[in-house]
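I have placed the structure first, in the form of structure tokens, so that the comments after it can refer back to it.
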Amino acid sequence: MFEKCVFQVSPVLGMITGTLILIFVPVAKRGHAEQLKARSSWFRDMKALIRNRSYVFSSLATSTVSFATGALGMWIPLYLNRAQVVQKAVEPCNSGPCSTKDSLIFGVITCITGFLGVITGAGATKWCRLKTQRADPLVCAVGMLGSAIFICLVFVAAKSSIEAAYICIFAGETLLFSNWAITADMLMYVVIPTRRATAVALQSFTSHLLGDAGSPYLIGFISDLIQENTNKSPLWEFLSLGYALMLCPFVVVLGGMFFLATALYFLEDRAKAEQQEPCSDPFTVGSCSDSEEASIL
């Protein structure tokens, strides 16, 4: 029933979002970028993106976010249900239909934390930019490392208190989602406008390929592997899934390291993009000399 409601509500929300974009998002001035006499091929764009260290490291960090969100979204509701079975708060469900209470609560928490995370990340970055020009990747790194701590605490709290586990999930997801808007900003800073479409597409592809496309299956495989070598019982079903999910905070820490690496090259790559942007940004009006146009490519 819950899944049916989701599929009924999603198209409505999509139409509302699309309408708001049409009304409030200004239309870019088009045609200026296409006036460049020299055009770069897709191969040259890809080569330039791969050599852009800030873009590469931030894309790898985004993949770790997708990895964690995909795995947690798939397995945390079941993990919390198994925790309650171990605590004898609920009866084990060996045949459907099973209760969707934990899935519903986790889904609501994820929606709220997604909203709060974007606001928190944007606000923190705006404040930190007054202190350092490397605020964007540094805020992302702190958010990831803080998120890893709270995700680890989920597995500690779930053994005795489901409410405490939900509080840790709330804090961990808020910090994890705080880098969404910032990552998009960083891409715009370090990639010239004529390559941004390719950069967004490549980043989206790699984040899903290395992230949520395989993380739920990997966690399930590890959990099954542990269960095969232990006694079959509700306790070991709970523990095996928890041990497998412990991979997530380690991956999130790795993402924080990638954001710290991004901070090392962020100013240099942004400066390179800004030198070329006035000649290639379709939002600005201006003209370029032939030599300037060629330098963009």
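Placement of Cβ uses the backbone N, Cα and C atoms for every residue, glycine included.
Please treat TrEMBL annotations as automatic predictions, because they have not gone through curation.
For reference, TrEMBL has these:
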type	residues	note
TRANSMEM	6-27	transmembrane segment
TRANSMEM	54-76	transmembrane segment
TRANSMEM	104-125	transmembrane segment
TRANSMEM	137-158	transmembrane segment
TRANSMEM	164-192	transmembrane segment
TRANSMEM	199-223	transmembrane segment
TRANSMEM	243-267	transmembrane segment
REGION	278-297	region 'Disordered'
Chain residues outside the transmembrane segment (243-267) and at least six past its termini with a C-beta under 8 angstroms from it:
53-54, 57-58, 60-65, 67-68, 71-72, 75-76, 79, 133-134, 136-138, 140-142, 144-145, 147-149, 151-152, 155, 176, 179, 186, 189-190, 215, 218-220, 222-223, 226
As a test: from 54-76, 137-158, 164-192, 199-223, pick the stretch that has the greatest number of Cβ pairs under 8 Å with the transmembrane segment (104-125).
164-192
As a test: from 54-76, 137-158, 164-192, pick the stretch that has the greatest number of Cβ pairs under 8 Å with the transmembrane segment (199-223).
54-76
Report, as numbers and ranges, every residue of the chain located at least six residues beyond the transmembrane segment (164-192) whose Cβ falls under 8 Å of a Cβ in that stretch; write 'none' if there are none.
49, 52, 54-55, 58, 61-62, 65, 68-69, 72, 76, 80, 83, 105-106, 109-110, 112-114, 116-118, 120-122, 124-125, 136-137, 139-140, 143-144, 146-151, 153-154, 157-158, 199-200, 203, 252, 259, 262, 266, 269-270, 272-273, 276-277, 280, 296
